[in-house]
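Taking it in order: structure first as structure tokens, then the write-up.
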Amino acid sequence: MFQDTIFALSSGALPSGVAIIRLSGPQVQSGLQTLVGNLPPPRQAVLREIRADDRGLLDRGLVLFFLGPNSFTGEDCAELQIHGGRAVVSAILHYLANLEGFRPAEAGDFTRRAFLNGKMDLSGAEALADLIAAETETQRKLAIQNTSGRQRQLYGSWRTTLLRARAFIEAELDFADEDDVPGSVSQRVWENMRALAATLRSHIAGYAAAEIIREGFRVVLIGAPNAGKSSLLNALARREVAIVTDIPGTTRDLVEVSLDVRGLKVIVTDTAGIRETDDVVEKLGVERAHGAARAADLVIHLMPADAADIDRVNPLNEDNNRIVVTSKCDVGRVARGTLAVSAVTGEGLEELLDVISSRAAASLALAESTIPTRLRHKSHLSDCLSCIDVAVSRDDLPLELRAEELRQAADHLGRITGTTDVEDLLGVIFSEFCIGK
Ligand SMILES: Nc1nc2c(c(=O)[nH]1)N(C=O)[C@@H](CNc1ccc(C(=O)N[C@@H](CCC(=O)O)C(=O)O)cc1)CN2
Ligand SMILES: Nc1nc2c(ncn2[C@@H]2O[C@H](COP(=O)(O)OP(=O)(O)OP(=O)(O)O)[C@@H](O)[C@H]2O)c(=O)[nH]1
Ligand SMILES: [Mg+2]
């Protein structure tokens, strides 16, 4: 399928104990022969001297040959598992670059070939990119499940359902005048389609969970000036991210840190203390604080323990995404029914992380099942749903037009998995991979 042979350093930053240079394409066998002598048996690691005709011994390493189509890409592939020194890797990469038909791989090149050779579907390729980008346990779990074809199976089955429904409708069309087609068939088909539409609607809602897993659960700290917001942020981040002073109105801008809380990405934002002020800069800061709170998944309202009105705080003002926490609990009384924390002694910090993690878990309940993981998926799913809605509801339209809507609905699902025209998408999807993948 491809004329050229690609190669890249597929392992991480140099120097490293071992580095892996991966090759894929029609010239792998000849290239390998010039480097290591005769071809090793497929899928068997052999220790070989790696030689360049003009520059002598480059390294001694493990060599793996994969005979296509039994490889990651479906083409002939090879791996040179060599010492991870900069000069070692550079010498071998330079040698390969000069071989006839070889070129350095671009981002996602190997996976693009795997997709085009039918080794995986598009959602599986995206999941592979997500797996490599995964920094938290939750991100890893979601990604690994989708590399095993979970989305492909689900969307494939819905696609089949749609195409069968369309076939029934068309059969009804063809035999409409004959007696042996029971009138109830189309009735049942439309009922099925209504059920599928409902399933799609709740499936699409699951994208919110994927967004939280990918972008992070957004926690915003708010409270009066000097409430201890910046100190709490620093304590949670375990470093001095935000400036802390005893002057009220110290923080003006939003200060964000990304944390791994019990395996979930959490973004905590510190904000300007909220008060009436004539200071132009502080005023803008307060506006930003309100904006951040509106966009938050969870707002933590800090009430300092040394505040005069601490006994009058009513935690019952809490709602789904707002909790009251007593800060500076080392220097005063704790507001009734609130969690108490101290940035100075560290008291309550673990409990606060538990609260954040359980709030986040509640909004992730859906993530246990298959969910759309990309905006791209969500938009194809919404298009699919619109088509089904038209087909189901427009009983004023001729049946052939309603059947055509079902076909288009199926096509939208096919675009997620790469079954339906995808040429224009490939550049976008594979460019976000790293080199060597
Ligand atoms: N050394 C090394 N480790 C690696 C990879 C790699 O390319 N090289 N991978 C790269 O991502 C991942 C493993 N993924 C792989 C996927 C398929 C095949 C493969 O040879 N598939 C054949 C045979 C399947 C089989 O025997 O079950 C095939 O699909 O026909 C190899 C690696 C992670 N670890
Ligand atoms: N004893 C004690 N002092 C604290 C604690 N947290 C913060 N402080 C002190 O309270 C003062 C204000 O702390 P900040 O963290 O700057 O408060 P802030 O809410 O960010 O204030 P603004 O940015 O002005 O809105 C500083 O002098 C801190 O050292 C705490 O847990 N215990
Ligand atoms: Mg501050």
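If you go along the chain as it appears here, the first residue is 1 and each next one adds 1.
Backbone N, Cα and C atoms are what each Cβ position is placed from, and that goes for glycine too.
Predicted, not measured: the structure shown is a model, and the values here were computed from it.
(6S)-5-formyl-5,6,7,8-tetrahydrofolate is bound by Glu79, Lys119, Lys437 in TrEMBL, and the record lists one more residue there from Arg22, Arg164, Arg166, Arg394, which is Arg22. Together with Thr245, Ile247, Thr250, TrEMBL lists one candidate of Asn192, Asn226 for binding K(+), that being Asn226. In sequence order, Leu221, Ile222, Gly223, Thr251, Asp270, Thr271, Gly273, Leu302, Ser327 are the residues near Lys229 (GTP binding site), counting only same-chain partners six or more apart with C-beta under 8 A.
Figure note: comparing Cβ neighbours within 10 Å for the binding-site residues Ile247, Ala272, the maximum is reached by Ala272. In the vicinity of ligand 3, defined as a Cβ distance under 6 Å, the following of the binding-site residues Arg22, Glu79, Thr245, Thr251 are placed: Thr251. Counting every protein chain shown, 13 other Cβ atoms lie within 10 Å of the Cβ of Pro248 (GTP binding site).
Arg22 ((6S)-5-formyl-5,6,7,8-tetrahydrofolate binding site) and Ser230 (Mg(2+) binding site) have their C-alpha atoms 47 Å apart, to the nearest angstrom.
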